[in-house]
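For reference, the structure is listed below as structure tokens.
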Amino acid sequence: MDVANKSVSEFVLLGLSNSWKLQLFFFIVFSLFYVATMVGNSLIVITVIADSHLHSPMYFLLTNLSIIDMSLASFTTPKMIADYLTGHKTISFDGCITQIFFLHLFTGTEIILLMAMSLDRYIAICKPLRYTSVIGPWVCAALVVASWVVGVMHSMSQVIFALTLPFCGPNEVDSFFCDLPVVFQLACVDTYVLGLFMISTSGIIALSCFILLLNSYIIVFVTIKHHSSKGSSKALSTCTAHFIVVFMFFGPCIFIYMWPLSSFLTDKILSVFYTIFTPILNPVIYTLRNQEVKTAMRKLKHRLLNPHKTTPWHYF
């Protein structure tokens, strides 16, 4: 990335607060959240791979969601934690563009993957007789590949847009990472037009996807309501967990990108949600609410603690 024609070669990340007490608090909390996110999501991936009973489309998509969430938590949190330790809160121009790329890559990919998970649950509950013929291994693989392709295309559009902006003045980013809503306001051009671009390329897309997801879950919930069996209760629990993840992820994204000129404080708080808090929802929601995953984890634990002991737990 050529920055020779840029008068700004680095940016200063102002972070969440100037108070050293709050910075110490954030360092401890975010470090714990990051470790929990990585351990929890890794455990989900290992459990699904190790237990053949979980080799189904829903858990295949869940595994990919865990991988994306670990990536989403890793593109900015480690640097933020390191900044609290060193006090060095600058980032190069190339590093800033790289953060923008990975942010939109992982969020764009997760949006499509959440829609794929919604489709999986919709067909499983509303059209159960057609489920095995519609949702198969190749379809799941295609959905995952499509989510990454869309993510790459979306992130490239944002990076290309950012690289065309002239930066000739202030270089203080009022956030703990680089994203277009805060970076474009440092450009030496009219931010009104840029704000419209943000709304059209990210805000409207996020809002449209959320409305589609909301409609699908409403149909699913109505379908479940007409059944009273144990299976429908399990389906309701699963779909409720899915919707919590969807709401916690889309809510901040829609607000930030639909109102790109909103309060920086509000944007920073919401950014914490979808970059730090949302990635840990997977292990919390899907392990504490899902009996199949909890059982598989107990079997895996028993297998690891008793590697030479032949018991029924060994056979999945």
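Backbone N, Cα and C define each Cβ position, glycine as well.
Per TrEMBL, the feature domain 'G-protein coupled receptors family 1 profile' maps to 40-286. According to TrEMBL, the transmembrane segment annotation covers 24-46, 58-77, 97-119, 131-150, 192-223, 235-257, 269-288.
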| remark: Residues outside the transmembrane segment (131-150) whose C-beta sits under 8 Å from one of its C-beta atoms, at least 6 past its ends, are 57, 60-61, 64, 108-113, 116, 119-120, 123-124
| Do we see three or more Cβ pairs under 8 Å linking the transmembrane segment (269-288) and the transmembrane segment (24-46), pairs being at least 6 apart in sequence? | yes
| Under a criterion of three or more Cβ pairs within a distance under 8 Å and sequence separation of at least 6, are the transmembrane segment (97-119) and the transmembrane segment (24-46) in contact? | no
| field | Feature contact check the transmembrane segment (192-223) with the transmembrane segment (58-77), CB under 8 Å, 3 or more pairs | value | no
